[in-house]
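As structure tokens, the structure follows; a few thoughts come after it.
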Ligand code: PXP
């Protein structure tokens, strides 16, 4: 069955530009309002340990200002758990986080971190926060998500995106099959599949065409493209490409 496909827009890099000058422009809240207006289905924001883009106050302001559900990306730390429990966003996506990385480079080792993640997933679920685990499209990680009773997994599409950029079509096709197989396995086990990282106008459609994937979370490219065509057009065009692929 093909589920409707939602678009969550990651607005971290609106905050990156704002923080470059230390003031309050451009405001991620204004971006969230525009995204709501043009048919985005959700707002995604990653509160990093170093607060390099989104900050604590942004989370509160985004939740107050828009009617769209907030998907809070967070590392598996006590600090982030406390913040999530305080704000109670619609969803929390647990991601691996390294201080020195430029972006989230790979999926969470949900299998290796079972004991650390189990109480965290339970507490988030008890607070009615929809938990997702940002993982590689890998059977072992899906098995771990099943053990952890995570209702959602988000597959890291960075490898697929990089293989295409490197001109490795065969490699990208193989990675795409891995993502499709993983989404089918997740669905068979009652887990909803999302996907994201490195998605662009050029590479989104094969991912959007995977019938079990219910949500894409896209940030850097959409905000970058907004510089040239505006945020409204950037989100509208992505939405249209996703719908066409479905
Ligand atoms: N999904 C998750 C879990 C992420 O960590 C990120 C990057 O913050 C994204 C989606 C969006 O990736 P990109 O900015 O490359 O579109």
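Note: Cβ is positioned from N, Cα and C throughout, glycine not excepted.
Unlike curated entries, TrEMBL annotations are predicted automatically.
As given in TrEMBL:
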- 10, 21, 198, 219, 220: 3-amino-2-oxopropyl phosphate binding site (BINDING)
- 12, 13, 48, 53, 103: 1-deoxy-D-xylulose 5-phosphate binding site (BINDING)
- 46: active site, proton acceptor (ACT_SITE)
- 73: active site, proton acceptor (ACT_SITE)
- 154: site 'Transition state stabilizer' (SITE)
- 197: active site, proton donor (ACT_SITE)
- prompt: Under 6 Å from ligand 1 by Cβ, which recorded positions from 13, 21, 48, 73, 154, 198?
  reply: 73, 154, 198
Field: Cα-nearest neighbour of residue 219 (3-amino-2-oxopropyl phosphate binding site) within the listed recorded positions, 13, 46, 48, 103
entry: 13
Message: Nearest of the binding-site residues to residue 12 (1-deoxy-D-xylulose 5-phosphate binding site) by CA-CA distance, picking from 21, 198, 220?
response: 220
Statement: Least crowded of the recorded positions 46, 48, 53, 197, 220, counting other Cβ atoms within 10 Å of each Cβ, is 220
Cβ neighbours of residue 73 (active site, proton acceptor) where a neighbour is any other Cβ within 10 Å: 27
Statement: With neighbours defined as other CB atoms within 10 A, the best-packed of the recorded positions 12, 154 is 154
Query: Which one is closest to residue 220 (3-amino-2-oxopropyl phosphate binding site) in space, judged by CA to CA distance, out of the recorded positions 13, 46, 53, 154, 197?
result: 13
- line: Residues sitting within 8 A of the centre of the 12, 13, 48, 53, 103 CB atoms (1-deoxy-D-xylulose 5-phosphate site), not counting those, run 10, 15, 16, 46, 52, 54, 219, 220
Statement: Least surrounded, by Cβ count within 10 Å, of the binding-site residues 13, 21 is 21
Field: Cβ packing number for residue 219 (3-amino-2-oxopropyl phosphate binding site), 10 Å threshold
entry: 24
Query: Measuring Cα to Cα, how many angstrom lie between residue 154 (site 'Transition state stabilizer') and residue 197 (active site, proton donor)?
result: 10
Field: Inter-residue Cα distance where the pair is residue 53 (1-deoxy-D-xylulose 5-phosphate binding site) and residue 21 (3-amino-2-oxopropyl phosphate binding site), in Å
entry: 12
- prompt: Of these binding-site residues, 10, 103, which scores lowest on Cβ atoms within 10 Å?
  reply: 103
